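Feature annotations, reproduced from TrEMBL:
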- 1-20: signal peptide (SIGNAL)
- 167-383: domain 'Peptidase S8/S53' (DOMAIN)
- 176: active site, charge relay system (ACT_SITE)
- 207: active site, charge relay system (ACT_SITE)
- 365: active site, charge relay system (ACT_SITE)
C-alpha cells in the first residue's frame, strides 16, 4: 500500500510538472510540497519572494540562459491570467546579481515555479527573501565621547587625536538609507551613488546620514577626508530586503572595478536581519574584489552567528560598548564572530533634517562606522589593503592599549577600537 501511495503521489506531482530533485552538494533529494529554502527559519520572510543562487561550475552563458527561461516561463503563465497555485499574476521583474564570480537572481514565484527553478542543475540553492532593518536606537543626550575614546587608551578623554592624512584617497560606501549629501559635515565629499529601494534619491530616515557622519564628517567623523558614496537599500522606515541589499553590494563591486578602487574602498553595512546565506556569500566575494566590508553585529543581545551580515566570514563584525565606562552595551550582539568593539552609546553625528542638523543615536549601527572610519584612516596612513591585513592591524592597535570591554559576554573578544594614538 505504501508503495502504491508513493507512486500515486509521484504521478500527481509529475502531472503538475514537479519532478524529483537531482542531488547536488547543496540540495536534498526528494519531493517537496513546500519550498526547499536554505533559510527555512528566517524571520520577516517576504511572501513569494526568493533569492536563487547559482552553482559556480556553470558559465555565464548557461546562467543567463536559465534566467531567460525563467522570465519566459513567468510570462507564459501570466498569459493564462493566473499562476497555477496562487491564482495571482506573478511579477515579471527578475533582478540579477554578479559579484566577482558569484551569481544570483531574485524574483516573485509560487511554490510550483520555485520548485521547478530549484530542480535545475544550474541552481545551487534557493532562499527566502527577507526584510533587513537598521540597527539604531534614538536617545536625547549630546556627547562626542566616541571619537575621544578611540584615540586614547583610557575612558574620560575629551580630545580626538589623529593624523592629518585622515582617510584621504579612500572611498567609503555607505550601504544604508542614503545620505543627505548636501550636509555641511561632508564638505562636498559625499555623493549619491545608487538607489535600490525607491525613487527618492536622498536620506528619508536619517540613519545613513548619521552613519556617514561618523565615518567621515568634518566634525563627527573618524576619517575626515574620506570620500563617501551613498548606496540606498533601506527606505524611510529603515526597512529593506535581501534583494535590495544584494543589489547595493553588486553596485559597490561594479563601482570599485570600474573606478579602480580595489584596495582603496571600505563598505559599511549598519543593518541586519536573520542568518542569510546569500548576503554572507556576497560579502565574501566583495572582499575578494578589494573591498573591506565592515558590518554591525546587531542589537538583539544574541550570538551574532544567528544574524547577517554579522556572521559573514569576510566581514569585520563590530559590537557596541559605552565609551564612558567601557562596558558592553546591553543590546549588543556577541559571540566568537565579533571582531572588535567600538563606541555605540550616545553617538552624536549628522542628521538628515537640514544641512546643519545633528542627532544622537545608540546601536551597533553607530559602532560599525567608527571601525569603517578607522579602516579607511589606516589604509590611507599605512597603505595597507585587504580585510585580513586591515583587520589584523585594527586588532593589533586595540591589543596594545590594554583597554578591554567590561561586563562582556562569554566567548567574545574584549578588544576596544583604537586608531593608534594612545
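Backbone N, Cα and C define each Cβ position, glycine as well.
Since the structure is predicted, the reported quantities are computational estimates derived from the model, not experimental observations.
Spacing of residue 207 (active site, charge relay system) relative to residue 365 (active site, charge relay system) is 9 Å (Cα to Cα, whole number). A Cα-Cα distance of 10 Å separates residue 365 (active site, charge relay system) from residue 176 (active site, charge relay system). Sequence-distant neighbours of residue 176 (active site, charge relay system) (same chain, 6+ residues apart, CB-CB distance under 8 A): 134, 203, 207, 208, 211, 212, 230, 231, 232, 233, 234, 268, 269, 270, 271.
A simple Cβ count within 10 Å picks out one of the active-site residues 207, 365 as the most packed, and that one is 365.
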